[in-house]
Amino acid sequence: MMNIEAKPGRAPHAPAQDMAARAHIDAETYERMYRESITDCDGFWGEQGKRLDWIKPFEAVKNTDFTLGKVSIEWFRDGTLNVAQNCIDRHLATRAEQTAIIWEPDDPADPAKHITYRDLHREVSRLANVLESLGVSRGDRVVIYLPMIPEAAYAMLACARIGAIHSVVFAGFSPDALGARINGCDAKLVITADEAPRGGRKTALKTNTDQALLHCNEGVKCLMVRRTGAQTTWVEGRDFDYGALMAEAEDHSEPAEMNAEDPLFILYTSGSTGQPKGVVHSSGGYLVYAAMTHQITFDYHDGDVFWCSADVGWVTGHSYIVYGPLANGATTVMFEGVPTWPDASRFWEVCEKHKVNQFYTAPTAIRALMGHGATPVEKHDLSALRLLGTVGEPINPEAWNWYNEVVGKGRCPIVDTWWQTETGGHLITPLPGATALKPGSATKPFFGVQPVVLDPQSGAVIEETEAEGVLAIADSWPGQMRTIWGDHERFEQTYFSQYPGYYFSGDGCRRDADGDYWITGRVDDVINVSGHRMGTAEVESALVAHAKVAEAAVVGYPHEIKGQGIYCYVTLMNGVEPSEELRKELRQWVRQEIGPIASPDLIQWAPGLPKTRSGKIMRRILRKIAENDYGSLGDTSTLADPSVVDELIDNRMNRG
Ligand code: ATP
Ligand code: MG
């Protein structure tokens, strides 16, 4: 690890003030700006583009085409800039001594680090020089397979500085998954660490990398950060020591002049629905969008401490730990650990310790912590918190209310942000101070985003305000992905072919009488019971609202009479015993909550559910098991714990 001295924390933040009074955007401004962003798209985004420092200012703003066969997305295409310069150098004149990154290690007994913008500039410049010395140049791909340590951010930014394209691979992935991604983008270099500590355990990243590299091109080099100091194997000529090269590297590195449309990174989707896709994001449009959404959605103000608890291996970490916050000159928290180790108060301890003002996490984490009750939260002073956010899946109202009351004490707006790896930043989200919140609704579109609800069969736009169908977007926004790496054809097929002329999100949604959007889950998670279409998320919400249920996943399975039956996997709260009585009780409960049509046909007790590494339930696997067709489960490489699958198969309820 780099030797950066711990600096004292910032002064305590003033107590929360009335949100509406200080928010960047109020309801009226939202309406006006939203209208403007649609009717004068070039004017609006031309203005927003000025958030960045451009080497050569752009003249063109939007050049996009959603037509199948010639899909092309370009923003600010004649402008040039450097992303690292925008995230670091331009802040030096005013905030060199301000903390850019607060790093909180896995083990609370170890000291946190406060990395200033000046520190960041030095580390990233040196690393840029190291990368060049290893033969990496503009346009080359670099795979980053690191723990949640500052070096992960340095590596991303050093790539950006020299114009190399990074592809971050989550440190929880296996050697196979890593190897596939190194080969997938034909990377020249892998940056890794000896080990990744997480939740008190250690993953041998270097060993995994060694294994992955057995299946890769011989020329691929490896740069290793010493995180724990563990012994590792060493291949002379292939492996390089981060600390040694950094110690010798020069402090100066000139940021490369990149085109707005040059790829900044490749990132694979979570793999919830199928084979992960290598999503390509741009330099200019992506950064404008990440910076703007970070500032507006989270109502970030100078001096705030912002914490997004995601991993940099996911897009959430890219846009809201690294690029958005640093482009805005923010102080961003990077957390190496997990929410439940050493105990369930870890998140709240970190919030208190670093006086976090905005906290952004996933429903899966909230539900897990909810299971431990209010005590771990109440032990800590969370008075600096001003806003809470969630992302990743629909948040059930039960979890929303807990988050709001127990964590936010009813005074922090919750932004339920709907977006995807593909979208680069938030597309549908409340804005604090402007939007009336509804537990479970992502509410309104962000500026420039035109959601439409399509009839799933005909593809026709449903014009009525109240609508239910598939969620698509009618026109481009700057943060949109540009292509799938090496496969533009698949890009067009995946997102633009099913509903021509629209970007198809793959998610279903409902729009209520107020025009607020409710994401109902993946389109293929909609089930049809006796002719009634319902989102599985709704049944899950009802189940989770029962006091004895910790988590639930619902899928359809073929049913002779109803067409599809409702199959529920239920994880009970700690200490609750499964029983036939309880099955009956849950059935009755769902009938009461939603109606007889939603009554579960089969309920399987599930001590664990198959989840992706980002915490999403892999329903396609559960669907296979429910259909009694578990022979071909498809790509399971992104599963967090493959062993839960066998347990579920053994105890399946449908053996017909
Ligand atoms: P893959 O595309 O490989 O199947 P994935 O869709 O899980 O994986 P991500 O890009 O990480 O990969 O996740 C985006 C998806 O997460 C969205 O399409 C949506 O289904 C879900 N999602 C994200 N945020 C929200 C939210 N606030 N409310 C509801 N769903 C959300
Ligand atoms: Mg997806």
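Any Cβ shown, glycine's included, is placed from N, Cα and C.
Counting residue by residue with DSSP, the domain 'Acetyl-coenzyme A synthetase N-terminal' (30-87) contains 26 helix, 11 strand, 21 coil. Sequence annotations record features per position, and here TrEMBL assigns domain 'Acetyl-coenzyme A synthetase N-terminal' to 30-87.
As annotated by TrEMBL, domain 'AMP-dependent synthetase/ligase' applies to 89-475.
Here GLY199 (CoA binding site) comes close to ASP106, GLY337, VAL338, THR340, TRP341: these same-chain residues lie at least six apart in sequence, with C-beta atoms under 8 angstroms from its C-beta. Here TrEMBL flags ARG198, GLY199, GLY200, ARG201, THR316, SER530, ARG591 as CoA binding site.
According to TrEMBL, the ATP binding site annotation covers GLY392, GLU393, PRO394, ASP416, THR417, TRP418, TRP419, GLN420, THR421, ASP507, ARG522, ARG533. A simple way to gauge crowding: the CB of THR417 (ATP binding site) has 24 other CB atoms within 10 angstroms, across all the protein chains here.
Along the domain 'AMP-binding enzyme C-terminal' (538-616), the predicted structure has mean pLDDT 92. As annotated by TrEMBL, domain 'AMP-binding enzyme C-terminal' applies to 538-616.
For VAL549 (Mg(2+) binding site), applying a Cβ distance below 8 Å and a minimum sequence separation of six or more within one chain yields LEU543, VAL570, THR571, LEU572, MET573, LEU586. According to TrEMBL, the Mg(2+) binding site annotation covers VAL544, HIS546, VAL549.
Per TrEMBL, the feature N6-acetyllysine maps to LYS616. Under the three-state DSSP scheme, LYS616 (N6-acetyllysine) falls in the coil class.
Comparing the binding-site residues THR421, SER530 on other C-beta atoms within 10 angstroms of each C-beta gives the minimum for SER530.
The two recorded residues, TRP419 (ATP binding site) and ARG201 (CoA binding site), show a Cα separation of 31 Å.
Only GLY392, THR421, in sequence order, out of the binding-site residues GLY200, GLY392, THR421, VAL544, VAL549 have a CB under 6 Å from ligand 1.
Counting every protein chain shown, the number of other Cβ atoms lying within 10 Å of the Cβ of ARG201 (CoA binding site) is 11. Binding of CoA is attributed in the record to ARG198, GLY199, GLY200, ARG201, THR316, SER530, ARG591, and the widest Cα separation among these residues amounts to 49 Å. Ranking the binding-site residues GLY200, GLY392, PRO394 by the number of CB atoms within 10 A of their own CB puts PRO394 at the top. Nearest in space to LYS616 (N6-acetyllysine), taking C-alpha to C-alpha distance over the binding-site residues ARG198, GLY392, VAL544, is GLY392. Taking CA atoms as the reference points, ARG522 (ATP binding site) and VAL544 (Mg(2+) binding site) are 19 Å apart. DSSP gives VAL544 (Mg(2+) binding site) a helix state.
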